[in-house]
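Annotated in TrEMBL:
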DOMAIN    22-131  domain 'Ig-like'
DOMAIN    144-231  domain 'Ig-like'
SIGNAL    1-22  signal peptide
TRANSMEM  240-268  transmembrane segment
Amino acid sequence: TVRLSLEVLELCVLLFPGLVCPLEVSVSSGSIQVARGQTAVLPCTFTTNAALTNLNVIWMVIPLSNANQPQQVILYQGGQIFGGAPQFYGRVGFAVTMPTTSASIFINNTQLSDTGTYQCLVNNLPDRGVRNIGVIGLTVLVPPSVPLCRIQGSLDVGSDITLTCSSEEGIPRPTYLWEKLDNVPKLPPTATQDQVQGTVTLRNISTVSSGLYQCVASNAIGTSTCLLDLQVIAPHPRSIGLIAGAVATGAVVLVVCIVLVAVALFYWKNKHKEEEEEEIPNEIR
């Protein structure tokens, strides 16, 4: 692209020596990705037929976090370099000693807030350019932070539980993979896992479900893990004995009650019969 632009400028000068030929800006890439904390180099070159004595280069950014507030990144004007927004102080500079036809800049120790759309605007009088702005996107990538593992639901035998896993940071958005470290296969066949939401559901858990579970959060530039010790609660033998004893006691009490009722009915019937027999002779008399 630069070679073609130079050929166009040379042709312009040869054919129309009395005219002011256009200035043209180009970028070698439409977007750049860099891990947080690393250095990003934003390329910008331009072609011009005029001397660089009146060169004016300004870099602007439209932050992803606040598209309504464009910010100045760095400025070259009148042979001097001026800083931009406070967030860039001490971190931004031109990649090549100015003035030159390379207006590329670097950003050290990139931060998440640096993500946005950058514009390289070049003016070099008397040349005037129709295409004197270059646009390039910068995305600062962040590895997943240490995820938080949790258990939702009762740990009693026979219950259904859900294991959750989530990282507060991560660009691009992390995916999550659960596995049981001391088991093959890594999860029971009945387990339902959602790698986007970071959840896995275990149904009808038993003491076999107990063990150490691991969640791995990962994206394009890194991974992070958390561990969860799952211990299923089995019924206590003493509790089983108490329940069985209570049931047996209840049965004995019920039997005793039935016997007492039967005895009472039998006694009542006999007494009632004797009273009737005593009344019959009295009536005869």
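Just so it is clear, glycine is given a Cβ too, placed from its N, Cα and C backbone atoms.
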- Structural state census, the domain 'Ig-like' (144-231) (DSSP three-state): 3 helix, 44 strand, 41 coil
- Task: Could you tell me the mean pLDDT over the domain 'Ig-like' (144-231), as a whole number?
- Result: 94
